[in-house]
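Asker: According to TrEMBL, the protein has these features:
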| type | residues | note |
| --- | --- | --- |
| BINDING | Gly41, Val42, Thr43, Gly44, Ser45, Gly46, Lys47, Thr48 | ATP binding site |
| COILED | 513-575 | coiled coil |
| COMPBIAS | 623-641 | compositional bias 'Basic and acidic residues' |
| COMPBIAS | 665-675 | compositional bias 'Basic and acidic residues' |
| COMPBIAS | 768-778 | compositional bias 'Acidic residues' |
| DOMAIN | 1-379 | domain 'Kinesin motor' |
| REGION | 619-684 | region 'Disordered' |
| REGION | 747-778 | region 'Disordered' |
Amino acid sequence: QYSFKEVFGTLVAQKELFDAVAKPLVEDLIRGKNGLLFTYGVTGSGKTHTMTGSPGDGGLLPRCLDMIFNSIGPFQAKRFVFKLDDKNGVEVQCEVDALLERQKRDAMPVPKTPSGKRQIDPEFADMINVQDHCKVEEVDEDNVYSVFVSYIEIYNNYIYDLLEETPFEPIKPKWNSCNTPVRNADLIPPQSKLLREDQNHNMYVTGCTEVEVKSTEEAFEVFWRGQKKRRIANTQLNRESSRSHSVFIVKLAQAPLDADGDNVLQEKEQIILSQLSLVDLAGSERTNRTKAEGSRLREAGNINQSLMTLRTCIEVLRENQMYGTNKMVPYRDSKLTHLFKNYFDGEGKVRMIVCVNPKAEDYEESLQVMRFAEMTQEVEVARPVDRALCGLTPGRRYRNQAFREELARKLELRGGPIDGGECWKTEEQSASETFMQNFPPLPPCELLDINDEQMLPKLIEVLEQRRKMRQTLSEEFSKNVLAFKKILQDFDSNVASKEKYFQGKLSERDKTITGQKTEMERLEKKIKTLEYKIEILEKTTTIYEEDKRSLQQELENKNQKLQRQASDKRRLEARLQGMVTETTMKWEKECERRVAAKQLEMQNKLWVKDEKLKQLKAIVTEPKTEKPERPSRERDREKPVPRSVSPSPVPNAPPVRLRHRRSRSAGERWVDHKPPSNLPTDTVLQPHVPHAITVAAASEKALAKCDKYMLTHQELASDGEIETKLIKGDVFKTRGGGQAVQFTEIETLKQESPTGRKRRSSPSNPDPPEDAADSEWTDVETRCSVAVEMRAGSVLGPGYQHHAQPK
């Protein structure tokens, strides 16, 4: 649903549309104000028909012209009294200059513009045969008027003059040096007119033909001559589709008469130039419906672009007025909006007629048109202030005309000249000269002979005639004086009666005005009271709106805060859940590892106790007479290697990941790790490693230089002897930048007595306590100064892997 100021049905008459839309613009034109009338709509919706009309029923344009000339007909100036300059101004010429211009025009061989006495072209005679005789009621009778018309079109964003006498040529292609047209080249447009701004900041078309017209027929014939040059084309939607925006401009120049009411006042400041622009816009169209190609497609693109610019200007004006912004209105983007920039800035009244075709195919485009037209109603432009009137007495034209008629009547009654020329001649003569001309001429009064008796009687006779004539004139003068006195008395009585009548009327008017003033004062007080209330309500509304905005902002901030807290809470819960899960898994693994380690430790302790019990049992049960027999080497080999107190690997431990060894090309170097707590042995076989770096504690620096690692470890065997183990391994680099040792084999050095007596290679020590294994294991860890980790996969039993952590 869309709301408009007025909606006309499909059967509306042109007169009804004219009275509602265009008549107020014509009234403003005659009162010196500008006006602009658009017809806007989809192609084929009837815009040109609304503007021009049809035979027998003229449209808005011929009705506007007819109303103008019906209103100013008796007050028109002669041709060329008003002359337009090339800077959108107008000046007044004297009667002599205007007469010379008319004579020069009459001598030109070109055909004259039509006048009222010529035969009207039957092609448009029915369009201007308007029988309504509509006219403006209040026309300033002390002004003289002249009408000038011009007709332009805006085609492909170029302005062309449709009234130029030069042959109108279409767009021509480029030509090459062989005098043949260039194919697929850009077309060269003909020379168009330029837009300029005058001293009053009004836009106008330079070099545009402006024709002075004196009748409706003459003006419409000029329009029809230009209409024939307007560009139209056949499309899928309209057989005669307008391919350009046409603008018919009617300028009305008016100036006051001088104090005598005869000639135009020669003051340029008193000239008023008003303008009425009647615009027939080309229809907006979609190329997928019109099936336009080539030049038609380019025309459609330029038409839609100019209409889009018009819509953008209206939207920016609306936004500036509604929201108090100061955005720049893009008038210069199109010649159409640039030409009428002043109207949108408040230099006149703007009316738009939206033409809608009820076809179902135009539904979508008609919605767009009505949406834009409804939005334009919200744009308000300031109206210009009326110009001040000149200080001359009103009604001087008719008073001067009545004076001349009365003077001619008086002279006719007295037998004097009655034609206009003689009247002005008699008026210019003095009263004495007029009086002396009525007496007979005196004869010659020269007395040459004393006996002359003819001259004196003739002189006496002439003087007697003059006396009688003077007496007659005196009597006539007395009669005229009495008659004039009577006329003056009658006039005085009439004036007195009229004065009384007018005084009565004035008193009534004064009473009415006083009552109206009182009512106006009361209404003004009421208006002020209401304005004060409205102001208070507006302030209250502003306060409430500010509170509402602040509360809404606070609510939004709190909602955002709550959302952030909820997201943080969810993220923290997820993090804690992950930490709990990770910690649970970690502690489960740690518990499993500790349980396995404890089980292994208990198994080792149980095994050691079992071994001790077996040895004790063997000692107790061994016969004293028999000597202990040393087992053979084969049996020694079959005996299991005594287990280290070190914990055995976890059964479910993952296999050791093989790492890349160092290159052997540079030669193998060893780190010989001998803890300072080791005791010297007196054995013949001593470990000797060439190219070795002997250290008391493993360090990263030493491990980085070598490929092999050997740890000398001593522990107490089951028979009480010191057992020396050489734990060997390979050195690897780790991802963290440190060094790792993977143990590969263990060599054992052990000393036994051949006689069966246990020879101690070291001072005897008391039996170790039950937790000796733990202390020895801890001592090993301390002496190694590295983390010892048990790995599965070693072929020699428990595998060891040292990780030297950087200090």
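Cβ atoms are placed via backbone N, Cα and C, with glycine included.
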Asker: Including all protein chains shown, what's the count of other C-beta atoms within 10 A of the C-beta of Gly46 (ATP binding site)?
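Answerer: Step by step: centre on the Cβ of Gly46 (ATP binding site), count other Cβ atoms within 10 Å, giving 16.
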Asker: Out of Gly41, Gly44, give me whichever of these binding-site residues has the highest number of other Cβ atoms within 10 Å.
Answerer: Gly41
Asker: Would you count the other CB atoms within 10 A of the CB of Thr43 (ATP binding site), including those on all shown protein chains?
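Answerer: Result for Thr43 (ATP binding site): 24 other Cβ atoms within 10 Å.
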Asker: Are there any residues in the same chain, six or more apart in sequence, whose C-beta is under 8 angstroms from the C-beta of Lys47 (ATP binding site), and if so which?
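Answerer: Set apart from Lys47 (ATP binding site) by at least 6 residues yet with Cβ under 8 Å, we have Thr39, Tyr40, Gly41, Ser242, Asp280, Leu281, Gly283, Ile353, Cys355.
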Asker: What is the total of other Cβ atoms whose distance to the Cβ of Ser45 (ATP binding site) is within 10 Å?
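Answerer: Other Cβ atoms found within 10 Å: 25.
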Asker: For Thr48 (ATP binding site), list the number of other Cβ atoms lying within 10 Å of its Cβ atom.
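Answerer: For Thr48 (ATP binding site), the count of other Cβ atoms within 10 Å is 23.
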Asker: Mean pLDDT over the coiled coil (513-575): what is the value?
Answerer: 92
Asker: Around the C-beta of Val42 (ATP binding site), how many further C-beta atoms are within 10 angstroms, looking at every protein chain?
Answerer: 26
